[in-house]
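*Asks:* What follows is a structure written as structure tokens; I'll ask about it next.
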Amino acid sequence: MPWVNFLFLMSHLAYSHFSTQFFKTYDSKVIDITGAQMVMVMKLSAFGWNVYDGKRKTSPSDYTQSRAIKKHPNILPYFGYVFFYPSLLTGPAFDYVDYDKFIHGSLFDDVPDQKRPGKRKRRIPRSGLQALSKTLQGLFWAGLCLQAPKWVTLDHVFSKRFVLEHGFFYRILYLWVLGISHRLKYYTIWQIAEGACILCGIGYNGYDEETKTFKWNRVQNIDPWSFETGQNVHRCLEVWNMNTNKWLKHYVYTRIARPGKKPGFKSTLFTFATSAFWHGTRPGYYLTFVLGAFIQTIGKIYRRNFRPMFMEADGKTPKPSKRLYDIVCYFVTQLTFGFVCQPFVILDFRQSLYCWMTVYFYIPIGIFLTLAVFKGPYKSKAETFCRSRFPQVKPLAAKPSLNRHESQRVTQAVEKALSERNDTEVFGVPPIDVLEGATKEDLEEELREVSEAWQSFRGRRGSFSEDMDGLRDAYNNFTSEINDIFQAKKVEVQTKAKPE
């Protein structure tokens with residue numbers, strides 16, 4: 001039973017968390033073994049589900065099928081997976097299937113013979129430069145991490161001088177820089193660990209035929225540049241602790257729902273609790289995670305209601321004012337993270353609230369006001385006001401290539417996809433207003449409708465002939481019409497849809 005395995009692992013981790021919190025004096029300079037144990041929980045719980053999936057006659061998704069363990073390994077490869085040396089202490093965590101392919105060499109089956117190094121044509125491609133690059137990046141972040149306390153510290157935040165001698169804008173900027181300093185240690189350990197995984201070969205992720213290069217991002221856990229330059233919450237969380245997000249999505253969130261049912265509120269709540277409890281039992285973690293769930297929702301509200309104002313009617317071409325929008329979004333996003341992440345490091349409840357109080361709780365107040373406007377009694381007026389500033393849709397020229405039946409099928413499929421469309425959830429847990437995503441059957445139905453329209457159109461146009469030029473022209477005409485319908489319905493949904 002994978003749930004028994006999961007509960008045992010989480011219970012043992014909880015014991016370690018409680019022991020550290022209540023029976024030991026916290027010292028940030030002392031190694032906390034719970035960090036390595038958290039990685040172990042991810043690997044062992046995923047292993048339990050993979051074995052379970054291997055015994056099932058049917059798999060709920062292509063992902064679970066690709067991760068399933070058909071034959072239980074013996075003790076030696078199992079321990080090799082559990083105690084895999086490059087990722088033992090800090091991660092990254094990965095599935096047993098990847099490790100099995102690595103030790104048996106099948107992970108490198110797609111490497112072209114001319115790209116195999118040495119006279120013996122060894123299976124693992126050379127990865128020294130890529131590993132060195134990751135290691136040097138990690139050392140760079142380590143250097144900054146050692147120097148950061150000279151410029152920003154939490155002690156200064158808790159001092160009376162911080163409030164008495166500095167203005168509000170200085171304080172919010174200080175928390176932003178302090179938040180960056182908190183992340184430096186994670187950049188250091190994750191990039192060095194990734195370099196070790198690349199060097200041994202398990203970081204290999206295929207050969208790119210277009211660029212004629214190898215990909216080494218199989219176990220990538222962080223993208224520092226993308227995070228620090230992110231212009232929205234979703235993008236930043238998407239590149240942070242990537243493997244933990246995958247674990248929570250595939251081995252917690254989707255597993256709560258009954259077979260054949262979509263994950264809903266119960267899955268959201270349980271995933272939220274697992275993510276927070278997995279990190280620890282200290283109050284600071286929960287303050288960060290609760291506020292983090294809210295800022296995802298707020299980010300979606302602003303993007304849906306304000307971003308179209310800075311785009312042309314086609315929804316793809318940015319206006320000149322889009323640069324200003326991007327700059328504002330960047331600063332708002334980064335300042336928000338500077339505020340939200342502080343309790344994650346402070347951990348203590350009262351001290352966390354005091355830190356937030358030094359900047360007058362401006363992020364929670366902004367969240368409350370946004371929800372009051374866009375989710376409260378003024379929701380209809382606020383959304384109508386925003387939509388009135390959207391660019392007007394230009395009438396589309398009539399194109400008779402698709403008949404009425406085909407056009408109706410494509411339009412229905414596009415409209416359905418747009419109405420159910422939502423961003424990929426990150427942060428280890430969906431946001432507060434999580435929407436139930438489309439099931440595999442829904443997506444297949446939509447694709448089938450488009451496919452039927454294409455087959456009918458292709459048959460009428462004589463595209464089954466061997467004339468490749470005619471086939472290409474028919475395909476281009478069809479895709480052009482699909483794009484016109486898609487853009488028209490997309491703008492219509494944004495500008496004319498009635499408020500929920």
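Note that Cβ sites are derived from N, Cα and C of the backbone, with glycine treated the same way.
Because TrEMBL annotations are produced automatically, they should be read as predictions rather than curated entries.
OK, TrEMBL features for this one:
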- 1-16: signal peptide (SIGNAL)
- 284-303: transmembrane segment (TRANSMEM)
- 324-347: transmembrane segment (TRANSMEM)
- 353-374: transmembrane segment (TRANSMEM)
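Tell me about the setting of these features in this model.
*Replies:* Under 8 Å from some Cβ of the transmembrane segment (324-347) lie the Cβ atoms of residues 26, 154, 157, 172-173, 175-180, 182-183, 228-233, 236, 280, 282-285, 287-288, 291-292, 295, 299, 306-307, 309-310, 355-356, 359, 362-363, all in the same chain and six or more residues away from its ends.
Only residues 6 or more beyond the boundaries of the transmembrane segment (353-374), in the same chain, are considered here, and those with a CB under 8 A from a CB of the stretch are 154, 157-158, 162-163, 168, 171-172, 175, 291, 294-295, 297-298, 301-302, 305, 336, 339-340, 342-343, 346, 382-383.
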*Asks:* For the signal peptide (1-16), what are the same-chain contacts with Cβ under 8 Å, counting residues 6+ beyond its ends?
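*Replies:* Sequence-distant neighbours of the signal peptide (1-16): 33-34, 37-38, 40-41, 44-45, 48-49, 51-52, 251, 255, 274, 277-278, 281.
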